[in-house]
Amino acid sequence: MARQVICWCFTLNNPLSPLSLHELMKYLVYQREQGEAGNIHFQGYIEMKKRTSLAGMKKLIPGAHFEKRRGTQGEARAYAMKEDTRLEGPWEYGEFIPTIEDKLREVMNDMKITGKRPIEYIEECCNTYDKSASTLREFRGELKKKKAIISWELQRKPWMDEVDTLLQERDGRRIIWVYGPQGGEGKTSYAKHLVKTRDAFYSTGGKTADIAFAWDHQELVLFDFPRSFEEYVNYGVIEQLKNGIIQSGKYQSVIKYSDYVEVIVFANFTPRSGMFSDDRIVYVYA
């Protein structure tokens with residue numbers, strides 16, 4: 001057991017002297033018990049001030065068998081105080097401070113309320129963090145995304161009405177290219193509006209593998225190219241998404257399909273000549 005944790009359950013067979021709260025411990029509870037086979041032992045639960053290794057715990061209570069806590073904080077404490085096998089005790093030292101349950105759903109709910117980062121649960125919910133750190137980071141990202149999206153506001157421009165009208169037609173064979181050479185026409189603000197109101201997929205471009213991996217079958221795909229990206233536009237990935245079929249080779253090779261995809265490009269430049277058939281491009285001038 002190489003991992004360092006805060007919360008430990010222990011059994012000490014044939015104890016010779018009582019235990020006390022070590023300066024490294026935050027909380028200790030134990031009692032003297034007799035097992036089914038008649039062996040006398042201490043059964044206890046410890047919460048350390050800092051994450052501690054198994055070797056470190058064995059130095060504090062030599063001869064004890066330790067396991068990291070697997071259930072909740074309350075369950076571990078209750079097990080160390082159970083009546084059916086008790087001979088003496090229980091004895092408690094330090095302060096028992098109930099925290100949120102060390103379960104993924106409870107931690108996620110707490111993150112919603114407190115806004116804590118996943119790393120902040122590494123001590124009080126060590127089991128959940130050890131098992132689900134990546135899930136917690138992804139969940140926090142979604143919380144941040146929702147908070148940001150709610151704050152987005154749109155100052156409408158006439159050209160946006162033209163795009164709205166085009167989107168009502170549902171034509172997945174075309175690419176809508178919103179062209180505004182000066183900048184400041186509201187292209188990015190409108191792209192954010194579509195993310196907020198239509199759950200659109202948003203990208204500023206990049207490698208096909210990265211974009212294909214990130215795309216989660218959204219029907220509306222937005223490419224919002226900065227001016228400096230003109231020479232690096234990945235026209236191939238735009239075409240593939242427009243066709244509703246794209247191969248994602250990142251981490252695990254998979255082909256993604258969709259029966260309808262609408263692609264909108266926002267740029268300060270027009271597409272390079274010959275990249276798309278003329279009948280596939282619909283220009284909107286911002």
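In case you wondered, yes, glycine gets a Cβ from its N, Cα and C as well.
According to Swiss-Prot, the features are:
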- Glu33, His41, Asp84: divalent metal cation binding site (BINDING)
- Gly180, Pro181, Gln182, Gly183, Gly184, Glu185, Gly186, Lys187, Thr188: ATP binding site (BINDING)
- 2-96: domain 'CRESS-DNA virus Rep endonuclease' (DOMAIN)
- 9-12: motif 'RCR-1' (MOTIF)
- 50-70: motif 'Nuclear localization signal' (MOTIF)
- 79-82: motif 'RCR-3' (MOTIF)
- 96-102: motif 'Nuclear localization signal' (MOTIF)
Cβ atoms near Glu33 (divalent metal cation binding site) (within 10 Å, other residues, all chains):
21
For Gly186 (ATP binding site), write down the residues of its own chain that are at least 6 apart in sequence and whose Cβ falls under 8 Å from its Cβ; none is a fine answer.
Leu154, Gln155, Arg156, Lys157, Met160, Ala286
Residues near Gly180 (ATP binding site) in space but at least six apart in sequence (CB under 8 A):
Lys187, Phe266, Ala267, Asn268, Tyr285, Ala286
May I have the list of same-chain residues other than Gly180, Pro181, Gln182, Gly183, Gly184, Glu185, Gly186, Lys187, Thr188 whose Cβ is within 8 Å of the Cβ centroid of the recorded ATP site, in sequence order?
Asn268, Ala286
Near-site residues: divalent metal cation, ref Glu33, His41, Asp84, CB cutoff 8 A to centroid:
Gln31, Arg32, Gln34, Gly35, Gln43, Lys82, Thr85, Arg86, Leu87
When DSSP is mapped onto helix/strand/coil, what comes out for His41 (divalent metal cation binding site)?
strand
Would you count the other CB atoms within 10 A of the CB of Gln182 (ATP binding site), including those on all shown protein chains?
7
Glu33 (divalent metal cation binding site) versus Thr188 (ATP binding site) - Cα distance in angstrom:
68
Residues near His41 (divalent metal cation binding site) in space but at least six apart in sequence (CB under 8 A):
Thr11, Leu12, Asn13, Asn14, Pro15, Arg32, Glu33, Gln34, Gly35
Can you tell me the CA-to-CA distance separating Gln182 (ATP binding site) and Asp84 (divalent metal cation binding site), as a whole number of Å?
80
Between Asp84 (divalent metal cation binding site) and Gly184 (ATP binding site), what is the CA-CA distance rounded to a whole number of Å?
74
In three-state terms from DSSP, label Thr188 (ATP binding site) for me.
helix
Near the Cβ of Thr188 (ATP binding site), how many other Cβ atoms are there if near means within 10 Å?
16
